[in-house]
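Reviewing the structure listed below.
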Amino acid sequence: MAEHNLSPEAQGMADALGVDGDHAGASAGMPQLDFSSFDNQIVWLLITLVVIYFVLSRVALPRIGSVLAERAGTITNDIAAAEDLKQQAIDAEAAYEKALVDARAEAGRIVGETKAAIQVDLDKAIAKADAEIAARAAEGEKAIAAIRDSAAESAATVAKDIAKDIVSAVAPGKIDAKSITAAVTAKMKG
Amino acid sequence: MATEAHGAEDGGLVFHPMDQFIVKPLFGNGDVGAFTITNVTLWMALTVVCIIVLLVFGTSRRAIVPSRSQSIAEMMYGFVYKMVEDVTGKDGVKYFPYIMTLFMFILVSNFLGLLPMAFTTTSHIAVTGVLAMMVFLAVTILGFVKNGAGFLGLFWVSSAPLALRPILALIEVISYFVRPVSHSIRLAGNMMAGHAVIKVFAGFAAIAAISPLSILAITAMYGLEILVSGIQAYVFAILTCVYLKDALHPSH
């Protein structure tokens, strides 16, 4: 801003602003170079900086720092807790798997035992049944033998009677009953 | 500020892009004394209020799951904290509150200055100069306290050939003392230039034919200024960290 701005209009502006002539002369160029306002600016700047510094260092920064630290701590704790829970879940799964395997083994053992017990009973029952069957078969055979014997006897008796009848019919009185019986018996044995 | 109306007074195109930077008393028409309540006071107080609302009231619930305002406060905290830690290392972290103070003051002042009718405190070389000198003095004193005369090793480039070292030392010393100048003018210049350019475009808006273009240009500049506001606060803070690192570890 050159000197020509320091015209009546600039003076009027300065008056309107309530700045006295000396200031208007300087501020018509660069207000930044108006040294008369420096002390004022510097005083207020220092007051401002001190206030900001105390607000920040006493209240704001410790608070924000603690909030950030607390958050970091919370996150770390949560991650640790999550790790812990995950480990617990893994442990629980392992325990479950182990229980399952144990139960399987136990079941297998029980099945084996039961099978063996049943086998013993079965063998016993089979042996008993075999014995009974053998006894029945022996009885039956005996009965069959008796029946066969009686049948053979009956057949011998019938044969003797018939032979006697035939002999007496063919040659009555010539041959006695005793010899006929002996002959029949001999014939049947042969 | 609030003097755009002057352009209309005499009908022609009159620009007063720098009027927005005038320091004037808030009450009455008196002189600007050291403790006069001025627009500087007002806008610095608003800066303090904004910072308290954002960083104190915004975090008052101390929620594990943050609200929106708490997220912003935490983001600011994390951003500056990480910057300090990355640049200066672990032993620089204890200076974090100071750098956070500078960063928040500059950032909020820059953004408040973008409000229409606002006064931009950080556009004044008096303000940024004090900020830069505070950083410069603090870093220099800290450097000598921490390292004693070893701090001078900062200027003695031991990796350079011996013949070159005195010359390099001279350059290093000059660049060291230019630091507060560049540090302060960079911030004030950026803030002032952007605001002044917006005002110039606004002055053109008095011509009906150009006004649509002017408004477009103001919009574009405003977007750029938002970017610049954030970047300049970041640049100021990170340069402070770099200077702090030089003070803590002066070896090259």
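The first residue you see is number 1, and the count goes up from there.
Using the three backbone atoms N, Cα and C, a Cβ is placed for every residue, glycine included.
These numbers come from a predicted model, not from an experiment.
Taken from TrEMBL, the feature transmembrane segment covers B:40-58 (among others).
A Cβ distance under 8 Å defines the sequence-distant neighbours of the transmembrane segment (B:95-119), meaning residues of its chain 6+ beyond its ends; these are 1-2, 20-21, 39-40, 42-44, 46-47, 50-51, 54-55, 76-77, 80-81, 83-84, 88, 131, 135, 138, 187, 191, 195, 222, 225-226, 228-230, 232-234, 236-237, 240-241, 244. Look at TrEMBL and you will find B:95-119 (among others) tagged as transmembrane segment.
Per TrEMBL, the feature transmembrane segment maps to B:125-145 (among others).
Annotated transmembrane segment per TrEMBL: B:152-178 (among others), in sequence order. Long-range contacts of the transmembrane segment (B:152-178) within the same chain, counting only residues at least 6 positions beyond its ends with a Cβ under 8 Å from a Cβ of the stretch, are 143, 246, 250-252.
Summarising the annotation, TrEMBL assigns transmembrane segment to B:198-219 (among others).
Residues or ranges marked as transmembrane segment by TrEMBL: B:226-245 (among others).
Long-range contacts of the transmembrane segment (B:40-58) within the same chain, counting only residues at least 6 positions beyond its ends with a Cβ under 8 Å from a Cβ of the stretch, are 23, 26, 67, 69-70, 72-73, 76-77, 104-105, 108-109, 112-113, 118-121, 124. Long-range Cβ contacts of the transmembrane segment (B:226-245) within its own chain (Cβ-Cβ under 8 Å, at least 6 residues beyond either end) map to 80, 83-84, 87-89, 92, 95, 99, 102-103, 106-107, 110-111, 113-114, 122, 131, 135-136, 139, 142, 179, 183, 186-187, 190-191, 194.
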